[in-house]
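K.L.:
Handing you a structure now.
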Amino acid sequence: MDRIRIVGGNKLNGTIPISGAKNAALPLMIAALLTEETLILDNVPRLADVAQLQRILGNHGVDIMSAGKRSGDHEYQGQTLHISAANVIDTTAPYELVSKMRASFWVIAPLLARMHETKVSLPGGCAIGTRPVDLLIMALEKLGAEVAIDGGYVIAKAPGGLTGAEVDFPKVTVSGTHVALMAATLAKGTTVITNAACEPEIVDVADCLNKMGARVSGAGTPRIVIEGVSRLGGARHTVLPDRIETGTYAMAVAMTGGDVLLRGARPELLQSALDVLTEAGAVITPNNEGIRVARNGAGINPVIVSTAPFPGFPTDLQAQLMALMTRAKGSSHITETIFENRFMHVQELARFGARIHLDGETATIEGIGILRGAPVMATDLRASVSLVIAGLAAEGETMVNRVYHLDRGFERLEEKLSGCGASIERISD
C-alpha cells in the first residue's frame with residue numbers, strides 16, 4: 001500500500017496547474033447515458049474515482065475512449081473522454097462497483113429516464129456520516145417513478161417514461177439536484193426544482209445538458225426549470241476547474257509561506273474560501289492566468305468559519321482550513337453544518353501536536369507555533385490532504401498512510417507540490 005513521505009519546512013514557490021473538477025466530471029460522465037450519441041469531455045482529471053466510474057459505465061455497455069497529453073511543465077489539459085452509450089446492455093449497477101464510490105449511484109437518473117427501468121445498489125464512498133439517498137428517491141418518485149428497495153438495491157421503474165413535476169427539496173442537496181436535473185431532461189412536460197443546490201458543478205452539468213439539446217434554465221439559483229425533450233444528442237464540453245483543489249493548494253501556500261500561481265483557477269468558484277484566506281493573512285491576486293497566492297513574513301491569523309452550501313464556505317475545504325489554523329496566532333472556531341461526523345481528521349492532526357477541542361459540530365483550534373512531523377493515517381479524501389498540508393509545515397518527517405483516499409480526488413498531488421519546492425514523495429511498498 002502506498003504512503004507519502006514529507007519533510008516539512010519548505011516554502012512553496014512556482015506554478016501549480018489546476019485540474020478539472022472531479023465533482024463536475026463524474027456527473028458529466030454519467031450524463032452520457034442520456035443519449036445514444038457520443039459525448040466528448042475535455043479536461044477530465046485522471047483520478048481513481050474517474051477510473052472507477054469508467055468501469056461502472058463499461059458494465060452498462062458504455063464505450064469510453066481516453067486521450068490526453070502533456071505539453072509542458074505547467075500546461076496539462078487532463079484527459080479527453082469520448083463516451084458512447086449507444087448500446088446500453090445492462091441497467092443494473094451491482095454492489096461490487098457502486099459500493100466503492102457514492103456518486104456512481106447517480107446512474108439511476110439517466111438509466112431510468114432513457115431506459116425506463118434500472119436496478120442500482122445502495123452506494124459507498126467516503127465514510128462521512130449517513131448521507132442517505134432518501135432525497136434522491138423522493139425526487140424520482142415525484143417524477144412518476146415506482147421505486148422499491150430490496151436486498152440492498154434500489155429498483156426504479158417508469159414504464160411510460162417520467163413526467164415533469166414540482167420537486168421541492170426540504171434541504172439543499174447536491175446529489176438530489178444532480179439526479180432530479182438529469183432525470184427531468186427526458187421527462188414529459190416541465191419540471192421545477194426548488195431549493196436546488198447552487199454549486200458551480202451543477203451549473204457546469206446544466207451547461208453540458210443544454211449543449212446536448214436539453215432545455216434547462218436557472219442552474220446556479222435555488223430554482224431550476226427543465227422543459228423535457230424527447231431525446232438528447234451528443235456534444236463537446238470542457239470540465240470547469242476544480243475549486244476544491246484550488247482552495248487546497250491556496251491553503252498549503254498560506255500554511256508554508258511562499259508565492260504560487262494556481263494556473264487556470266477561477267476566483268468566482270470559491271470566493272468565500274478566498275475571503276477566509278485573506279482574513280487569515282494570505283495575499284490573493286486573481287489575474288488572467290489564474291489566482292496568485294502568497295504569504296510572506298506575516299503569521300497566520302485565526303478565523304471563525306461555518307461551512308455552508310455554495311456560495312458559502314465549502315465543507316470540502318473544512319479539514320484543510322483546520323490544518324492551517326493549527327499554526328494561527330490565537331484561537332479559531334470551525335463549525336460543520338453540512339455533514340455529521342466530519343471531524344475524523346482531528347485525532348490525526350493532534351499527532352502533529354495540534355490542540356483541537358470538539359464541542360458537537362464545532363471545533364476550537366488553539367494555534368501553536370510549531371507542528372512536529374508524525375506518522376498519520378488518512379480517513380477520507382479531504383481529511384487526507386489536510387494531513388499533507390500539516391506535514392508541509394511540520395518540523396521533521398511526516399508519513400501519510402492510506403493515500404488511496406488522496407488518489408480519489410487529487411491528480412498528481414506529489415508532482416504538483418514538489419514542483420514548487422516541497423519535499424514530498426510517494427513510497428510504494
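Cβ from N, Cα, C; glycine included.
Summarising the annotation, Swiss-Prot assigns phosphoenolpyruvate binding site to Lys22, Asn23. Under the heading UDP-N-acetyl-alpha-D-glucosamine binding site, Swiss-Prot lists Arg102, Arg131, Pro132, Val133, Asp134, Leu135, Asp316, Ile338, citing sequence analysis as support. What Swiss-Prot records for Cys126 is active site, proton donor, and it gives sequence analysis as the kind of evidence. The 2-(S-cysteinyl)pyruvic acid O-phosphothioketal annotation in Swiss-Prot covers Cys126.
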K.L.:
Nearest to Asn23 (phosphoenolpyruvate binding site) by Cα distance: which of the binding-site residues Asp134, Leu135, Asp316, Ile338 is it?
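P.N.:
Considering only the listed binding-site residues, the nearest one is Asp316.
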K.L.:
Please work out which residue of Asp134, Asp316 has the most C-beta neighbours within 10 angstroms of its C-beta, and give that one of the binding-site residues.
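P.N.:
Top count of Cβ atoms within 10 Å goes to Asp316.
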K.L.:
Which residues in the same chain, at least 6 apart in sequence, have a Cβ under 8 Å from the Cβ of Leu135 (UDP-N-acetyl-alpha-D-glucosamine binding site)?
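P.N.:
The answer is Phe169, Pro170, Lys171, Thr173, Ser175, Gly176.
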K.L.:
In the structure shown, with every protein chain counted, which of the binding-site residues Lys22, Arg102 has the densest set of Cβ atoms within 10 angstroms of its Cβ?
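P.N.:
The residue with the most neighbouring Cβ atoms within 10 Å is Lys22.
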K.L.:
Using C-alpha positions only, work out which of the binding-site residues Val133, Asp316, Ile338 is nearest to Lys22 (phosphoenolpyruvate binding site).
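P.N.:
So, spelling it out, the nearest of the binding-site residues is Asp316.
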K.L.:
Can you give me the same-chain residues 6 or more apart in sequence from Ile338 (UDP-N-acetyl-alpha-D-glucosamine binding site) with a CB-CB distance under 8 Å?
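P.N.:
Once residues fewer than 6 apart are set aside, Ile338 (UDP-N-acetyl-alpha-D-glucosamine binding site) is near Thr307, Ala308, Pro309, Thr315.
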K.L.:
Tell me the Cβ neighbour count for Val133 (UDP-N-acetyl-alpha-D-glucosamine binding site), meaning other Cβ atoms within 10 Å of its Cβ, over all protein chains shown.
P.N.:
21
K.L.:
Helix, strand or coil by DSSP: which one applies to Ile338 (UDP-N-acetyl-alpha-D-glucosamine binding site)?
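P.N.:
In the DSSP reduction, Ile338 (UDP-N-acetyl-alpha-D-glucosamine binding site) maps to coil.
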